[in-house]
Amino acid sequence: MGLVFLGPPGSGKGTISKIISNEFKYQHISTGDLFRENILNSTALGQEIKKIVERGELVPDLITIKIVEDKIKAIKKNKDFILDGFPRNICQAEALDKFLPNVKIINFLIDEELVIKRLSGRRICKSCNNIFNIYTLTTKKNGICDVCGGDLYQREDDKEECLKTRLKEYKLQTKPLIEFYSKCSRLNNVDASVKIDEIKKKIIKIMLKKN
């Protein structure tokens, strides 16, 4: 079975991907990871992607589709997987339907203010990279890592103004995609503002549901 996870940054889809992957032996396929893997292995596509990224451009649909299709074909037959970060637009969605027509689409719904609170509160240790949150996972000493005692910092792209820009771009990019899947009654919406266990239960129900 194939699952497609759609949702803005901070919606929890990355966390849920790890949980489903570990508990149900699904393979987590991220386009970002595939790009890095191809660049690291210096494949023909990887070399092309590296040049594109170094120019500050977006990787074209044809390359993204090719990399995802190759990865899915390379997976052992009947292996379950989660697609994270693909498709991102109608062109990619139509291509996915051609080589993999029966995936389940799960859309993580969450209020923008909650996303901003979640991500703007994130703090990362400079020494050990452990992640904390000033709202949901506080440290004993303000600004100090509980694990190694290192200093905590806030990533530039976790600052409120940057987050608002990222969320605006996400909405513009995915709105046509959401409409595309809604029209053919394939979209499964999940409330991502609740606790992780509740989200997991809802996704398991979707996984068990017949197409």
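Each residue, glycine too, has its Cβ placed from N, Cα and C.
Per Swiss-Prot, the feature ATP binding site maps to Gly10, Ser11, Gly12, Lys13, Gly14, Thr15, Arg122, Ile131, Phe132, Val194. Under the heading AMP binding site, Swiss-Prot lists Thr31, Arg36, Glu57, Leu58, Val59, Gly85, Phe86, Pro87, Arg88, Gln92, Arg155, Arg166. According to Swiss-Prot, the feature Zn(2+) binding site maps to Cys125, Cys128, Cys145, Cys148, an assignment based on sequence analysis. Annotation source Swiss-Prot lists region 'NMP' at 30-59. Annotated region 'LID' per Swiss-Prot: 121-158, in sequence order.
Structural mapping of features recorded in Swiss-Prot.
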residue: Gly10; record: ATP binding site; contacts (Cβ under 8 Å, 6+ apart): Ile110, Leu114, Val115, Ile116, Arg118, Leu119, Leu163
residue: Gly12; record: ATP binding site; contacts (Cβ under 8 Å, 6+ apart): Phe108, Ile110, Ala192, Ile196, Ile199
residue: Gly14; record: ATP binding site; contacts (Cβ under 8 Å, 6+ apart): Asp84
residue: Glu57; record: AMP binding site; contacts (Cβ under 8 Å, 6+ apart): none
residue: Phe86; record: AMP binding site; contacts (Cβ under 8 Å, 6+ apart): Val4, Ile29, Thr31, Thr64, Val68, Gln92, Leu96
residue: Arg88; record: AMP binding site; contacts (Cβ under 8 Å, 6+ apart): Thr31, Thr64, Gln173, Thr174, Leu177
residue: Cys125; record: Zn(2+) binding site; contacts (Cβ under 8 Å, 6+ apart): Ile131, Phe132, Cys145, Val147, Cys148, Gly150, Asp151, Leu152
residue: Arg155; record: AMP binding site; contacts (Cβ under 8 Å, 6+ apart): Arg122, Ile124
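In the structure shown, across all protein chains, Val59 is the one of the binding-site residues Val59, Cys148 with the greatest number of other Cβ atoms within 10 Å. With a threshold of 8 Å between CB atoms, the same-chain residues lying at least 6 positions outside the region 'LID' (121-158) that come near it are 166. Applying an 8 A CB threshold to same-chain residues 6+ apart, the list for Cys128 (Zn(2+) binding site) reads Cys145, Val147, Cys148, Gly150. Around the Cβ of Cys145 (Zn(2+) binding site), the number of neighbouring Cβ atoms within 10 Å comes to 22.
As a summary of secondary structure, the region 'NMP' (30-59) carries 21 helix, 1 strand, 8 coil according to DSSP. Across the region 'LID' (121-158), DSSP helix (H, G, I), strand (E, B) and coil residues number 3 helix, 12 strand, 23 coil. If you compare every pair of Cα atoms in Gly10, Ser11, Gly12, Lys13, Gly14, Thr15, Arg122, Ile131, Phe132, Val194, the residues listed for ATP, the longest distance is 20 angstrom. The number of other CB atoms found within 10 A of the CB of Thr31 (AMP binding site), across every protein chain shown, is 19.
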